[in-house]
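Now, the feature entries from TrEMBL:
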DOMAIN    4-292  domain 'Cation/H+ exchanger transmembrane'
TRANSMEM  38-61  transmembrane segment
TRANSMEM  67-89  transmembrane segment
TRANSMEM  110-129  transmembrane segment
TRANSMEM  135-156  transmembrane segment
TRANSMEM  168-189  transmembrane segment
TRANSMEM  232-256  transmembrane segment
TRANSMEM  268-289  transmembrane segment
Amino acid sequence: LHIDFNPELFLMLFIPPLLFADGWKTPAQEFIHYGREILCLALVLVIITVVGVGYLIHFLLPSIPLAAAFALAAVLSPTDAVALSGIVGKGRMPKPVMRVIEGEALMNDASGLVSLNFSIAVALGAMAFTLESAFLTFLQVSIGGVLCGIIIVFLYNQMVKFIHKWMYNDSATQIIFSLLLPFSCYLIAERIGVSGILAAVSAGMMIGQSKVNRSMPLVRLRTNNIWEMLEFVFNGMVFILLGLQLPGILNFTVAQTGIDHSISLETLLAYVVIIYFSLIAVRLIWLWLMKVGSATLMRKDPLLFS
């Protein structure tokens, strides 16, 4: 069974609501409390991984331009918030560590996206890479996405108050608007050139802290139940659809190695294993450096590790 789908359509349909739901469940106070750990993992580690693994890919396969190797590393560097909750599950890790990992997974999309966009632009010759332009673009994409989500949620809350005033517990209308909220945040943010992913995340976190739904217990309970069901269904559909693509990718790879005899299938598999373990090694080394630096420079308030 093979299902063809547009990657952009897939991204728009599944990722915004899932990240919105994850942001909704993330307590803002704990997110701020573990902000240093999240920043070190979501920003610095992604950049280090893009550079380090990008050079490794270019070294293993010199035919791949360095900019294209950076683009591939940018795709591999961020952790996946959707897969995290499905693989790890609840209650299997200490709560503080889980909060840090979830926060990292939510926030590192901005740095990975900026790295990917710059790498593709440089590979296509559309622009010359400079640190200044990369830094400014990162600020624009990340801060703009967060602000976009906050503004849209503010307008959404005013609309919900108006609906509640005239219709009281009309849960159907309010639930429909809550389901449309992450898609609105994503599409509007992408339209104005900022991170739609961060807009959906910040919108979810703002909704989680909003006092509007707390004054409507019936609507809140029904909305929470529907979102839990949709999150479960969407998570399953994501893994199923992505898994269905794997046989086609493997068949294409085997066919290409049969045409191009300059590289064997065994060599490609070995490269995949090397790149995979290099991703783990970079993460472990950076965590060790964070731990050493934390113990040396932050003795009174060290970073969280497990």
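Quick reminder: no glycine exception, Cβ is built from N, Cα and C everywhere.
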Examine the transmembrane segment (38-61) against the transmembrane segment (268-289) and state whether at least 3 Cβ pairs sit under 8 A, considering only residue pairs 6 or more apart.
yes
Spatial neighbours of the transmembrane segment (168-189) far in sequence, C-beta under 8 Å, 6+ residues away:
12, 15-17, 19-20, 144-145, 148-149, 152-153, 156, 159-160, 195-200, 202-204, 207, 216, 218-219, 222-223, 226-227, 230
